[in-house]
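Q: Have a look at this one before I ask anything.
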Amino acid sequence: MFNMNINSPVRFVKETNRAKSPTRQSPYAAGYDLYSAYDYTIPPGERQLIKTDISMSMPKFCYGRIAPRSGLSLKGIDIGGGVIDEDYRGNIGVILINNGKCTFNVNTGDRIAQLIYQRIYYPELEEVQSLDSTDRGDQGFGSTGLR
């Protein structure tokens, strides 16, 4: 079922001349950096959809996960949303959330997030009356402790 050629290139389109090709900063970087195609200002506590002006076709049985860049996370900038479905072909946008105390400026050409390709499984769902029991059961948030 997961017959995919990992050597096949991922095709992308620069929708405008403002777009910058996704890049990896090292040979073993997990993600490809995505770049802002425009200037934006994000006040503290606000969010903004940042356009990359890039569209691409995801590899079969993969989706694109938009992940934060660690350097931006240190400045209080996080990512909202973050899934590019296998069949999406539009302009890739990144929702940046400013959790910091200062206004955050995004300039054209800034690296704003990283795109990580991940395999996906499309299971059939089956509604049942109950689930198999486990030792953990319904114990959720924090139930396994910190250590």
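For all residues, glycine too, the Cβ spot is worked out from N, Cα and C.
Fair warning: this is a prediction, and the values are worked out from it, not measured in the lab.
For Arg24, the entry in Swiss-Prot reads Mg(2+) binding site. Marked as dUTP binding site by Swiss-Prot: Pro68, Arg69, Ser70, Gly82, Val83, Ile84, Asp85, Tyr88, Gly93, Ile95, Arg111.
Thinking about packing and proximity, how do these listed features fit into the structure?
A: Within the same chain, residues at least 6 positions away in sequence whose Cβ sits under 8 Å from that of Arg24 (Mg(2+) binding site) are Gly31, Tyr32, Asp33.
DSSP classifies Ser70 (dUTP binding site) as helix under the three-state reduction.
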Q: Across all chains shown, how many C-beta atoms besides its own are within 10 angstroms of the C-beta of Ser70 (dUTP binding site)?
A: 8
Q: Which chain-mates of Arg111 (dUTP binding site) that are at least 6 residues away have a CB under 8 A from its CB, listed by sequence?
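A: Looking at Cβ-Cβ distances below 8 Å from Arg111 (dUTP binding site), excluding near sequence neighbours, one finds Asp33, Leu34, Tyr35, Arg69.
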Q: Name the residues of the same chain, 6+ apart in sequence, whose Cβ is under 8 Å from the Cβ of Pro68 (dUTP binding site)?
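A: Sequence-distant Cβ neighbours: Ile77, Asp78, Ile79, Ala113, Gln114.
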